[in-house]
Amino acid sequence: MANRGHTQYRTTRRTSHFSITLYIFLLFVFSMFVFFLYTKDIAEDEEKHVLASEKKETESEQNEDNSVWEASQSHGLHPCVKPTAKYKAALGWNRYLTVKSNGGLNQMRMGIADMVAVAHVMNATLVIPQLDKRSFWQDSSTFSDIFDENHFIKTLQGDLRIIRELPKEIESLPRARKHFTSWSGVGYYEEMTQSWKEHQVIHVAKSDSRLANNELPLDIQRLRCRALYNALRFSPPIEKLGKKLVEQLQTRAKRYVALHLRYEKDMLSFTGCTYGLTDAEAEELRLMRENTNHWKIKIINSTEQRIGGFCPLTPKEVGLFLQALGYPPSTLIYIAAGEIYGGNARLSELTSRFPNVVFKEMLATPEDLRGFANHASQNAALDYLISVESDVFIPSHSGNMARAVEGHRRFLGHRKTVTPDRKGLVEIFDKLEAGQLDGQSFSHLVRHLHKNRQGAPRKRAGAPPGVKGRARSRLEESFYQNPYPECICSSRTRVRN
């Protein structure tokens, strides 16, 4: 009996241990089930949140596309630079035109294109131009450092003869030194051919703005376009690095704005614009202007300059402008410019609104830029390439680069270029500063003011009414800013004049 009781006790004890183990196991399984069910709900909620965010971002991007990124319709317009059936190449085997280009990169580029046309009119052989090495930028670059010399010669071989240097037997001959009159027509240069009776070589001291914007033969205008857009390709190192930097920008964001922020020391000094600067900064700029011999105007009223719309937008004003147009704070902005006057402190007035701002130094490696050090024109060439390829180009001031880039973008299909109405903006900025406008009213006024200033197709503008004489040529829209209609062919759709 005792043994049987002891056996029952052990059996009951084993059963009790088994029940406890089973209970713990079932409790563990149930806990894991509840845990997985809970985490599944969390994952589904997170997935729904991500999908909702992505949908919101996609809708936002679609809205941005329509409002701030898309260019105007080009109405089927397309580049047309081929010569007419009447066109004949210049021979000029025993007549030579040597040229001293002047100014910065784009002033020289447009001047060289003019000289190609002038050499053709004068039936001369063009010698590869010498570049300006004594201007403000002090750039020692040669023609072949900046441009693809072989490509330049080959591309224009059907138009005129181009050689790298004068033949030895010609080099020592006396030259007729000419300062051709600005904005001259074909008749003027046909008269200049009388110089060939006494000289085999004519040396042109300056190349900028030597041809009129309008009333030139169609073949001459198209030759200017072939020279500027086809023949004057940048040198292989510049083209290669420019392409690399564009690809880097396109990797960082779907779209980018190229901002030509003309807020360098020389620009502010030359224009006499001191709005928003300290007294010490204004005096520094005045002294620079006073000591720069080739700047003729020394005394400038800064307030009158700004009211007249002759001053570049400040970094703060650019930020307000972009914000009013509807660009989001995340917009990738490439600064196509030199050193900003006032440094990062002044630039922060823009980056406080648009922090995603980059310079070429932030995209390229030190090794990439080593060969570009102390070569302002080569650096400007990089800025030019990046600006032409941008989704939107915005210049803060008119100038040779702003005009050249706008014209090139029109030639390539009227890519979006927003040109600030600086005179109109001053009044709006001042009202905002005085508290007379709220943000919504400010944005409405800015957008309305720039409705027709976004690179849409239109024929080149003439001088303002009532302007006569040589001033008329100076105030006309530059041929290189808008080469329509000569180099951009019209389609069946009518374009606004």
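Heads up, the Cβ atoms here are built off N, Cα and C, so glycines get one too.
Look at TrEMBL and you will find 65-75 tagged as compositional bias 'Polar residues'. Marked as compositional bias 'Basic residues' by TrEMBL: 450-461. Annotation comment: TrEMBL describes 53-75, 450-475 as region 'Disordered'. The transmembrane segment annotation in TrEMBL covers 20-38.
Within the chain carrying the region 'Disordered' (450-475), a Cβ under 8 angstroms from the stretch's Cβ atoms is held by residues 71-75, 77, 182-183, 212-214, 325, 406, 409-410, 414-421, 481-485, 488, 495-497, all 6 or more beyond its ends. With DSSP states grouped into helix (H, G, I), strand (E, B) and coil, the region 'Disordered' (450-475) comes out at 6 helix, 0 strand, 20 coil. Helix, strand and coil counts under DSSP for the compositional bias 'Polar residues' (65-75) come to 5 helix, 0 strand, 6 coil.
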